[in-house]
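Pulled from TrEMBL, these are the features on record:
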type	residues	note
DOMAIN	37-771	domain 'Alanyl-transfer RNA synthetases family profile'
BINDING	H611, H615, C728, H732	Zn(2+) binding site
Amino acid sequence: MAASVAAAVGGLRRAIRRSPSWLGPSRRPLSSKPPPTQATAVRDAFLSFFRDRHGHRLVPSASVRPRGDPSLLFVNAGMNQFKPIFLGTVDPRSEMAGFRRVANSQKCVRAGGRHSDLEDVGRDLSHHTFFEMLGNWAFGGEYFKVEACSMAWELLTQVYQIPEDRLWVSYFGGDPKAGLDPDLESRDIWLSLGVPASHVLSFGPQENFWEMGDTGPCGPCTEIHYDLAGGVGAPQLVELWNLVFMQYNREADGSLQPLPQRHVDTGMGLERLVAVLQGRRSTYDTDLFSPLLNAIHQGCGAPPYLGRVGAADEGRTDMAYRVVADHIRTLSICIADGVSTGMSGAPLVLRRILRRAVRFSTEVLRAPPGFLGSLVPVVVETLGDTYPELQKNSAQIANLVSEDEAAFLASLQRGRRIIDRTLRRLGPSEVFPAEVAWSLSMSGDLGLPLDLVELMLEEKGVQLDSAGLARLAQEEAQHRAQQAEAVEEQRLRLDIHALGELQRREFGPCEAQVLQLYTEDGRAVASVGEGQRCGLLLDRTNFYAEQGGQASDRGYLVRLEQQDVLFPVARAQVCGGFILHEAVAPECLKVGDQVQLHVDKAWRLGCMEKHTATHLLNWALRRSLGPGTEQRGSHLSPERLRFDVATQAPLTPEQLQAVESAVQEAVRQDEAVYMEEVALAHTAHVPGLRCLDEVYPDPVRVVSVGVPVARALDPASQAALQTSVELCCGTHLLRTGAVGDLVIIGERQLAKGTTRLLAITGEQAQQAREVGQGLAQEVEAATERLSRGSRDVVEAQRLSKDMGRLTDAVDTAVMPQWQRRKLQAALKVLQRRANTAVRKLEMRQAAQKTQELLQRHSEGPLIVDTVSTESLSVLVKVVRQLCEQVPSTSVLLLSPQPLGHVLCACQVAQSPTPAFTAEAWALAVCSHMGGKAWGSRVVAQGTGSTADLEAALSTARAYALNQL
């Protein structure tokens, strides 16, 4: 064994010396200077090493907001921006297409989604939501395992001067179930570099086989670990650097196929590396965090940070330090990159991060209001030189953090009072009432999310009534479904006089009296009890009731004499001219009670944005399609808007694009939105005024974009022909610029002459454009690949599959509809061309293989042999061509594949009474190989796995000869 290892090591050393792209690790010190230890110097040393010594191109960090990748909430790894290269979809004309060896320091956020460290942050000494990933990459076989391992070893041991005896490595030990052999090449490379055999460990696929996703590039990885124990007692290993060797592709059927081009993808967390170089056991003890921890101590007056965890961390003071320090870094980085707090997706995750930081800073550290925002300059000071977007946006970041902190503090204080009051009423073994938790969670941006309520109860050692919570959630889901069906009826109308407060856009609370209460079945009652869903009729309201296609407001109400009990209001609707508020009562509520109403501001603003966007869309359709274009209905909520329009014919992609462009121009102009009540008679003969076939109140409300209402209604001005002027009682923005953007993401024919459009606005619209742009680049890259032609069947088949994958992605993506239609048309042509190319190459290869087999086999009743081909389709074609040329012969062919897999195809001789069926023949052979088979009496195919191909061939011959 020793001799064979020595021989392998010697061979690898010679291979390293011979490699033209790698001169081998230098055994001389790179510098007499001490190793870099400050974080900035450590980062710079990494980048300089790969740029200056190994010819890598330095590329900037991508934004943490993924561009055109809807599968991610945040960029969570250095390789994210290089996905097009790994997937083979990079635009050949792009700068990225020329990347061969690159390095960078990438901003990463792991919170929410599949890879989330949010709830672990603070509990230990190492987890972070934001971190920096140092990485180097080699694309298209620029270099591979030998060079990657040698560069990593040289950097760690010579530049950073980490003692070699503190380093351990692991490699992929194989996976017999998947037919994957151990990565002995990586093992032997480490041995050749001087790593002792006792420091080289093997692990299975969970630890040392990296996959991008369910499908796509993947491969073994080797990891470098650091021993914190330093040889004292048992090793305490922490992962330092992961080197991934992408050499396979995970197909849709789960099989692995070798990649035509191999890649290297490495990643090393800067925070952990700095901790090692600074001799710290915790990343929080490094100079990346010490300025923040000092600022927290000075700003809060809490005891100094001591780095304790678990039970030793009395009062969770040190956990709070870590949570606040980590989260303010994440908030600053995300806001600088254009991600702000919100109600869904990445903005919702960022909102949770901010709220978690606020809780720990106020409840544990006793920080004063506005404290989080005061930490932003410290983040800018430590990271701003590396990421200048922090310096550029520092004031905006601090303002946004402070505003959201203040809003959440109000909700948190109210929620804490409600929880404490409820706990005082509970017995020692009682669970926390589901109705109270539900009332908190259903109050929109003014309340608390359920997971936070559960966490606050967990910290107090109280269990929540989960069964009751599940019941309430099911009831709410059923109610929403019923409401969604009812929307189609367009049955709700709102008395304009009943919403005077709303028309002045009051977000402040409104005091009212309960005039009547109703049960769910419509019975009038004097009071409702705990947990009961009910309807409330009030003497006044500031809630917008659903009408005119706009979703109603939501929020909550409280009794004036008891502010710490929230009654969540899910919706408001008009019934016979009265506004009915639908609520859940966590406690008793009676007729005559004085209440205070609070509207969910974020929800209302979302509706305002969509409603103003709906008016702009209506105007843009008339402008682009002609004045005869008429609205047939609409519905909007904070998530999206729906608009039905009468059209002579289905809209073309060019028309859809023109409509979007017109809306974008109005948004860029940032025009004022004017609203005014006028006598209905004044609107009767205004050219261009938009109104539906409805009965309007008198006076009626007019909404005009860019032109004061009085001028818009002047028949001599013709202003209503040039801009959006509509009769409307909904809620609107004050300026068009606040819409941000509008993208039509869907379109279908409801009936002849009526088209339904779906659209989104703001950040969602911008993300949809990025997704569309990304897919357009992929289609362009696929077009270029198809134009170059395919060298073999496998490449042609992969290209054809890529066309199908792209088509599925375009069909389902949230992207501009005009762009989707164009890409679908292009892909239809490309798919047809790709399939034709596959068929031609398969027929050519099959003809070649057929002639080779005919030369090897004389005429007889049986041909059983192996054929080298990667395609089952080609194998079937070879079988058919053989049987066409020798009809009296039965043929079974096997084709060995990587990892021990085998393809099988067969056809029996054409005769009136065949001796056996092809399906039975294939089944006998594939069953012998542990596989499966399918087909007909004449032709069949199958798959299996075996290391003994001759035994499978013998089984095939024996079966056929026994039947003949």
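Just so it is clear, glycine is given a Cβ too, placed from its N, Cα and C backbone atoms.
Within 10 Å of the C-beta of C728 (Zn(2+) binding site) we count 23 further C-beta atoms, all protein chains included. For H732 (Zn(2+) binding site), the same-chain residues lying six or more positions away in sequence with a CB closer than 8 A to its CB are M608, H611, T612, H615, V673, M675, V703. In sequence order, M608, T612, T614, V673, V703, E726, G730, T731 are the residues of the same chain, not among H611, H615, C728, H732, whose CB sits within 8 A of the CB centroid for the Zn(2+) site. Within the model, the domain 'Alanyl-transfer RNA synthetases family profile' (37-771) shows a mean pLDDT value of 87, rounded to a whole number.
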